[in-house]
């Protein structure tokens, strides 16, 4: 991406009202705590107080050049920058910060065996039940976005309630992996779902190998913030993100912008058996961050922990839908997260639409307390419960 045209336009459309020209100090340049940085790719965040019409003018100039343009909840763009372009942008007063782009991956671990125990666990105070108890409102009137590898919408378990909505992976318009379909099944399939009447929308930000760029994931969140306002979701909009990577200011701000738009966001704590405070989007305070539990009421051995974790949910050996009309049992905080997204839809249908913060607190208040073993000090010992 070559931004010569943009850079001549920026002083006219992005300058703060009282200041045109270079800033006193360059805009921060962040490097995310990620395993794989994408060379010469950057995420540029505009200041929130820039007039929308000015931002829209910039978006028009970038449409054919940027990899992604953010124009809804998160304002900016992502793409390739030369050293000269990077320097010029950092000196512009309309730029909030710039961050190197990186790779994010799913938070699931594939396994071959398992049983559908999770629904029984979240509908009983004690472990061991194989019966799922729930109110028959079952998430009706809610829209749940699965920001993942996509959804196989034709799977019979979805009963026509699922839609593959949008792909941010070039040339891939199906779930060729299975992870997103599995998460969607835990949220709202007829057999394996927490909220069996919710509408399900797949937004593909991870490729068929389970990886995606930070910039593409921000695009997915920005898209959901806008799309959720156009759909008939009288009981609220929920998003589920079973993915994660090293700490990223831009990913966290993208998540915060999605929540600020009114969408409840459940995110995976991660599978590294470490404190989640240095991972994104798990460390974003406004998201509802989910750790994983096992069938024996222990913290799953892989689950991250720490003060950023809001709730635990079943995440080991979870049976759900898979691609090509099949089912599969897999483990990870990826599997715990859709339990919470489904529970958010379930409670929203049962009790009415509320704010994302109030809904996460409701999930915490309703949870079964202090039954999990292996939870480190400083981490909440809350296991999801639907109140049935």
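Glycine is no exception: its Cβ is also placed from the backbone N, Cα and C atoms.
Listed in Swiss-Prot:
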type     : residues : note
ACT_SITE : 148      : active site, charge relay system
ACT_SITE : 179      : active site, charge relay system
ACT_SITE : 334      : active site, charge relay system
DISULFID : 143-233  : disulfide bond
DISULFID : 288-360  : disulfide bond
DOMAIN   : 41-106   : domain 'Inhibitor I9'
DOMAIN   : 116-388  : domain 'Peptidase S8'
CARBOHYD : 296      : N-linked glycosylation site
SIGNAL   : 1-18     : signal peptide
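Taking each Cβ in turn and tallying the other Cβ atoms within 10 Å, the top scorer among the recorded positions 296, 334 is 334.
Secondary structure from DSSP puts residue 143 (disulfide bond) in a beta strand. In this model, the domain 'Inhibitor I9' (41-106) carries an average pLDDT of 75. For residue 143 (disulfide bond) paired with residue 334 (active site, charge relay system), the C-alpha to C-alpha distance reads 19 Å.
In sequence order, 141, 142, 143, 199 make up the list of same-chain residues 6 or more apart from residue 233 (disulfide bond) whose Cβ falls under 8 Å from its Cβ. Restricting the recorded positions 288, 296, 334, 360 to those with a CA within 10 Å of the CA of residue 179 (active site, charge relay system) leaves 334, listed by sequence position. In the three-state DSSP scheme, the residue listed as 'N-linked glycosylation site' is classed as coil.
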